[in-house]
Amino acid sequence: MPRWHRTLVFFGFPLYTRRHIKSSFLLISKGRMTYCSYKPESSPHNNFNVQVLLKLYSLSCEPKHCEEIRKLLGKHVLKGSQIKNIQVEEGGKRRKLLLRYLTEPPAEGILEDFQQVSSEFIEKEKELREYLYRIVSEGTTENSIGLQYLKQLLRNSELESYEFSYDIRKWPLNKILRRLVPELVSWPSSFETVGSIIHLNLRDDLLPYKFLIGNILLTKHYPRIKTVVNKTGETSGPFRTFDMEVLCGDANLITEVKENGCVYELDYERVYWNSKLEAERRRVIETFSSSDIIADAFAGVGPFVIPAAKHKGCVAFGNDLNPISTEYLSKNIRRNNVSNLVRASCLDACTFVKRLIDEEIFFTKLIMNYPSSSTEFLHVLKGLYKSRENAPLPIVYCYIFGRGPDPFKDALFSVFQGLVGTTSPAFDTSAFQVRLVRDVAPEKFHMLVEFELPAQVAYAQKT
């Protein structure tokens, strides 16, 4: 990069990185440079200082008495901070005991972790010494041996000021936002982490501060996190992807995810992945045994089939209509050393299921995790075993969105409708188990309907 270009970057002039990042500024954090999307007109508070200069009262005392004074002062000593409350003075002959009282507020405002003492203590330092006498006497008597001993120790101590830089990166996100933007009444309650990417789904009232939020999160979590994105569209389409905007960090959204003892490479912008389902996937995989044959009709990059093979020894078949997902699925199969157990394909879900049966691969578990449309593919199971009555019938894991005041009933009826075209099937429905996986939105729930394929469906006349 030419020297003049480096100079422009350093002073924050816009750079262009990727088609969906319209402009950027340079964030310097921990000695590194990161390109961040930035629109000055929409984000007046974008940058922030992570270091706050604090001036505290301290007691200069003899080393042999420092620990005793700290115990006697108790809660009034600086605790739970980023600096030890006992510091060695230059020369090493005395110690500084740091108190939690500010001699003056920092330029950015008073911090909740500390207390500002009244002006009388600032004007007359001896008043703070008397104040220390009083606070120790709370709950005791004037004749307390401990109080008298403290007074004696304090007379041999000098009250001084101590400066240090306080790093606010360890604060929770909401605390930093309250401090930087006092007018905010809400903040992001949670976010999803996908490898080195933080995925936000910001409400409309937080959008004016989206770049600030991205900046804070990247600064707090670097180097583990390298990119912060915000979801700008619904998960939709046959590939289950969504539109997103890079708020801060690297524009490259290829990342590596570790889950359930396996490693997955994926392009978060181009394939389906949901870290919130890690526990659900683990729960289902734990029910498998080495004799099971797994078929995943919407396998994505492999979070069901790969651990099933790696940890349970299952033979597994993973399929996805998205060719990019299938490409990463194949990579991840090799990376996790399960090429001898897992086969990848890129087919329509119905074609995938039919082909396995035509090849006389009688899977024992069928996973269909496509909540918005899984039931639209259930019809493939009707009459699938018509000419193979000796084949074992599979357990089906059908994930679906349940809606309304009774999502359990809604999910179950949707599965019945998909299987036989009616919500009142003739077969026994008592073996159908419905379970809530997670809340998605008001009156929208991610549900699992688990059932053994009914014989009346498997051997039915094909229509």
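Even glycines carry a Cβ here, placed using N, Cα and C.
Lifted from TrEMBL, the feature list:
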type    : residues                           : note
BINDING : R281, D320, L321, D348, A349, N369 : S-adenosyl-L-methionine binding site
DOMAIN  : 191-455                            : domain 'SAM-dependent methyltransferase TRM5/TYW2-type'
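Listed in sequence order, the residues of the same chain lying 6 or more apart from N369 (S-adenosyl-L-methionine binding site) and placing their CB within less than 8 Å of its CB are L277, D296, F298, F304, Y397, Y399.
Counting other CB atoms no more than 10 Å from each candidate's CB, the binding-site residues D320, D348 peak at D320. Take R281, D320, L321, D348, A349, N369, the residues named in the record as contacts for S-adenosyl-L-methionine: the widest Cα to Cα gap among them comes to 22 Å. Under the three-state DSSP scheme, D320 (S-adenosyl-L-methionine binding site) falls in the coil class.
Around the Cβ of A349 (S-adenosyl-L-methionine binding site), the number of neighbouring Cβ atoms within 10 Å comes to 23. DSSP classifies A349 (S-adenosyl-L-methionine binding site) as helix under the three-state reduction.
Just so you know, the Cβ of L321 (S-adenosyl-L-methionine binding site) picks up 20 other Cβ atoms within 10 Å once every protein chain is counted. Sequence-distant contacts of R281 (S-adenosyl-L-methionine binding site), defined by Cβ-Cβ distance under 8 angstroms and a gap of at least six in the same chain, are E259, N260, P303, F304, P307. Across the domain 'SAM-dependent methyltransferase TRM5/TYW2-type' (191-455), the model assigns an average pLDDT of 95.
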